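*Asks:* Sharing the record's features from TrEMBL:
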| type | residues | note |
| --- | --- | --- |
| TRANSMEM | 7-26 | transmembrane segment |
| TRANSMEM | 32-57 | transmembrane segment |
| TRANSMEM | 78-99 | transmembrane segment |
| TRANSMEM | 119-141 | transmembrane segment |
| TRANSMEM | 153-172 | transmembrane segment |
| TRANSMEM | 184-203 | transmembrane segment |
| TRANSMEM | 223-241 | transmembrane segment |
| TRANSMEM | 274-300 | transmembrane segment |
| TRANSMEM | 320-339 | transmembrane segment |
| TRANSMEM | 351-370 | transmembrane segment |
| TRANSMEM | 382-401 | transmembrane segment |
| TRANSMEM | 407-428 | transmembrane segment |
Amino acid sequence: MGLISGICIIVGTIIGSGIFISPKSVLSNTEAVGPCLLIWAVCGVLAMLGALCFAELGTMITKSGGEYPYLMEAYGPVPAYLFSWVSLMVMKPSSFAIISLSFSEYVCTPFYVGCKPPVIVVKCLAAAAILFITMVNSLSVRLGSYVQNIFTAAKLVIVAIIIISGLVLLAQGNTKNFDNSFEGAQLSVGAISLAFYNGLWAYDGWNQLNYITEELRNPYRNLPLAIIIGIPLVTVCYILINVSYFTVMTATELLQSQAVAVTFGDRVLYPASWVVPLFVAFSTIGAANGSCFTAGRLIYVAGREGHMLKVLSYISVKRLTPAPAIIFHGIIATIYIIPGDINSLVNYFSFAAWLFYGLTILGLIVMRFTRKELERPIKVPIVIPVLVTFISVFLILAPIISKPAWEYLYCVLFILSGLIFYFLFVHYKFGWAQKISKPITMYLQMLMEVVPPEEDPE
């Protein structure tokens, strides 16, 4: 792949359902149009700086597995295991739950004109979406990838429709909502950090860009270039989508809207306004499918490495898919839907994610001194990882200090519970722990018709 293909992959990876979920939450924390657009721009810059740090890490340590090998090299097995644990038990399932809830809200809203859809209806539909996607991915790898390709196209179509409509409205002089755009802003440290959580949720995927290194021609030149061009392109798209919303809605109307893109469609595209919820639903279900597809593989690898129950690394005899891993992921995501709403889940996800993003980028600084012998084909100025580490510390601590909430406590408890699992099952491998897990593995193996993967012949 050349530079253009690399840029397209970056844009396609990052633009997802977040832009249909986050605008309302970013605005509710900033309370004015100007600061809201500013947060979107700064989130883009932060995502770009983080991606450049990960580009150095990915070309220095070429093992797959996301942050896991980087943490292993920098700090050793315990932080690396905790990342694996939090990724499988917190970040991936809560991400799946958020996307499924947003799909559900966008599907339900057109049927409840003028009022909020009942919470039970939204949650049941979200659970049904998780069940459907889990089933598709458990039945066939090819079916899962077909679903992905169709819905990725839908995502880019709806983004284009919203941006073009907004630009036409701007050209016609619909700018009154941008007058005095900083008036009424109520900014506190906690509110800014929560606005960042929601904005950065829409940019999630920036840390996965070095996975394309192997496919790129001249990667050490093209990967940083693709990041420096691709992420600002995404940022421009996101700012233009928000500007489009503000051409037809005041800040108050946007906050009162149950589904922002649906309200936009009703005001701009009527009588074809049904196009918006339909395409947003396709986009979100595509994002949920992608999330399930990758998380299933992560859990499968964790099971194979002995970090989770062995049965999670088994493969379906008939379907040749990692069915136990995918079903386990679907169950955890469904559990998150029961108590959570989108906002609390985004905060829960972002707190855990930025804790480990910060640790990983701090590891980059540590390895500049402890692992000087490692070859660094891409080397970023040291000021970039230092800045991103400081911002990560701010994003982790600010909401806890200024707006403490239960989700942060639950997240910390989940992370610490990983230590218990690590010492029982991974480090010491206590005999009684193996005795408990063995019959469970055998029973599930017979129930699901799964077998251990074949060893590669040497």
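Cβ coordinates are placed from backbone N, Cα and C, and glycine is handled just like the others.
Please treat TrEMBL annotations as automatic predictions, because they have not gone through curation.
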*Asks:* Can you tell me which recorded stretch out of 32-57, 184-203, 320-339, 407-428 has the most Cβ pairs within less than 8 Å of the transmembrane segment (351-370)?
*Replies:* 32-57
*Asks:* Hey, would you say the transmembrane segment (32-57) packs against the transmembrane segment (7-26), going by three or more CB pairs under 8 A that are 6+ residues apart?
*Replies:* yes
*Asks:* Six or more residues beyond either end and a Cβ under 8 Å away: which residues meet both conditions relative to the transmembrane segment (223-241)?
*Replies:* 3, 6-7, 9-11, 14-15, 19, 23, 37, 40-41, 43-45, 47-48, 51-52, 55, 59, 159, 162-163, 166-167, 202-203, 206, 209-210, 212-213, 216, 378
*Asks:* Among 274-300, 320-339, 382-401, 407-428, which stretch has the most Cβ pairs under 8 Å to the transmembrane segment (78-99)?
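*Replies:* Answer is 407-428, with the largest number of Cβ pairs below 8 Å.
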*Asks:* When each of 184-203, 274-300, 320-339, 382-401 is checked against the transmembrane segment (7-26) for Cβ pairs under 8 Å, which one has the most?
*Replies:* 184-203
*Asks:* Cβ under 8 Å, sequence separation of at least 6 from the ends of the transmembrane segment (382-401): give me the contacting residues as numbers and ranges.
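*Replies:* Same-chain residues near the transmembrane segment (382-401) but 6 or more away: 46, 49-50, 52-53, 189-190, 192-194, 196-197, 200, 347, 350-351, 354-355, 357-358, 361-362, 364-365, 368, 408.
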